[in-house]
Amino acid sequence: MEASNQSTVTEFVLLGLSAHPKLEKTFFVLILSMYLVILLGNGVLILVTILDSHLHTPMYFFLGNLSFLDICYTTSSVPLVLDGFLTPRKIISFSGCAVQMFLSFAMGATECVLLGMMAFDRYVAICNPLRYPVVMSKAAYMPMAISSWVAGGANSLVQISLAVQLPFCGDNVINHFICEILAVLKLACADISINVISMGVANVIFLGVPVLFIFVSYVFILTTILRIPSAEGRKKAFSTCSAHLTVVVIFYGTILFMYGKPKSKDPLGADKQDLTDKLISLFYGLLTPMLNPIIYSLRNKDVKAAVKGLVAEKCFPL
C-alpha cells in the first residue's frame, strides 16, 4: 500500500548553481563563449575535410567524424545548462532527461571507440606505409567509423533502458547541471546494483579496451619512429600522429583527473567540493571538444593550409 501511495516522478529539477546565483551570469557568458568556439572550430574542420580534396583520406575522414561528434556531444547538454543559468526553476521532463542522457552517453562512448580507430590508422600509416592504401581503403575505414557510432549508440541504449525502468518515486532534485546518469540513479527508489554492474562492464569495454589498444599502437609507432635513421625523418613521422596523441592525452587525462582525485573527508567542505565536482564535470565536457580543432589546426600542416585556403577563399574571393 505504501508503494501505491507514492507519486511517480514525471519531471526532474536540476540544481545547477541554484545555491550560488551570483555565479550564474558569469558562467553563462563563459560556457556560451566556449560553446561558440566549439561550434565554429569543429564546423570549420568538418567543412575543410569535405571541401579540400587533399584531405579525402582515412585520417581526415575520422577527424571529420570526431568534429561532428564533439558538436553533437556538447549540443546534447550545453543548451540545457545555459537555459538553467537563466531560469529560476530548472525543470526537465522525465522523457527529456532520458533523451539527454542517451545522447551524452552515446557520444562519449563513440568518441572512445573513434579515438581507438584513429590510433589504428596512425599505426598502419607509420608501421606499414606500403600496405596503408590497401588496409585503410574506403571499404575498411567507412565501416570502422560506422561501427564506432553503432557501438556507442547500442551501449547508451542499454544503459538508459535500464535506468528508465527504475522506479523514481521520491526526491526529484538532480544535484547537477544536466541529467548525469549517476546523479539520476541516486534518486531511484530501488536497487541499482544491475545498473552499476552494467556501467562497470561498459567502462571496461569503452574506456579500458580503447586505452589499451591505443597504448599498444603507440608502442609500435614509437618503436618504428626511433628506428628511422634521420632526425628529419623521425620528426616528420611523429608529426603525423602528434595531434591525435595530444587529443588522447587530454581526453583520458581529464577523465582520470575527474574520477581519480581524492575525496575530501571534511564534512564542512562537502558543499564546496560538491560544487567543484559539478564544475569539473561540466568543463570536462567542454574542454576536449574545444581543444580538438585547435590542436589539429596548429599541429597539422595539411589542416592548417586547408583552413587558411578556406578563409582566404571566403573572405577574399577573386
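Placement of Cβ uses the backbone N, Cα and C atoms for every residue, glycine included.
Note on the transmembrane segment (27-48): residues 17, 55, 63-64, 67-68, 70-71, 74, 78, 81-82, 85-86, 282, 286, 289-290, 292-294, 296-297, 303, 306-307, 309-310 of its chain, located 6 or more positions outside it, place their CB under 8 angstroms from a CB of the stretch. Taken from TrEMBL, the feature transmembrane segment covers 27-48 (among others).
Among the features that TrEMBL reports, domain 'G-protein coupled receptors family 1 profile' is placed at 41-296.
Here TrEMBL flags 60-82 (among others) as transmembrane segment. Proximity of distant same-chain residues to the transmembrane segment (60-82), defined by a Cβ-Cβ separation under 8 Å and at least 6 residues beyond the stretch ends, is recorded for 14, 16, 28, 31-32, 35, 38-39, 41-43, 45-46, 49-50, 92, 100, 103-104, 107-108, 110-111, 114-115, 117-118, 121, 141-142, 145, 148-149, 177-178, 282, 285-286, 288-289, 292-293, 296, 302-303.
Sequence annotations record features per position, and here TrEMBL assigns transmembrane segment to 94-120 (among others).
Long-range Cβ contacts of the transmembrane segment (140-164) within its own chain (Cβ-Cβ under 8 Å, at least 6 residues beyond either end) map to 58, 61-62, 65, 94, 98, 101-103, 105-114, 117, 120-121, 181, 184-185, 188, 194-195, 198-199, 202, 205-206. Sequence annotations record features per position, and here TrEMBL assigns transmembrane segment to 140-164 (among others).
The annotation transmembrane segment is assigned in TrEMBL to 204-226 (among others).
Outside the transmembrane segment (238-259) by six or more residues, the chain places 111, 115, 118-119, 122, 125-126, 207, 211, 214, 218, 221, 225, 280-281, 284, 287-288, 291-292, 295-296, 299-301 with a CB less than 8 A from a CB of the stretch. Residues annotated as transmembrane segment in TrEMBL: 238-259 (among others).
Among the features that TrEMBL reports, transmembrane segment is placed at 279-298 (among others).
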Non-local residues, at least 6 beyond the ends, that sit with Cβ under 8 Å of the transmembrane segment (204-226): 109, 112-113, 115-116, 119-120, 122-123, 126-127, 151-152, 155, 234, 237-238, 241, 245, 248, 252, 255
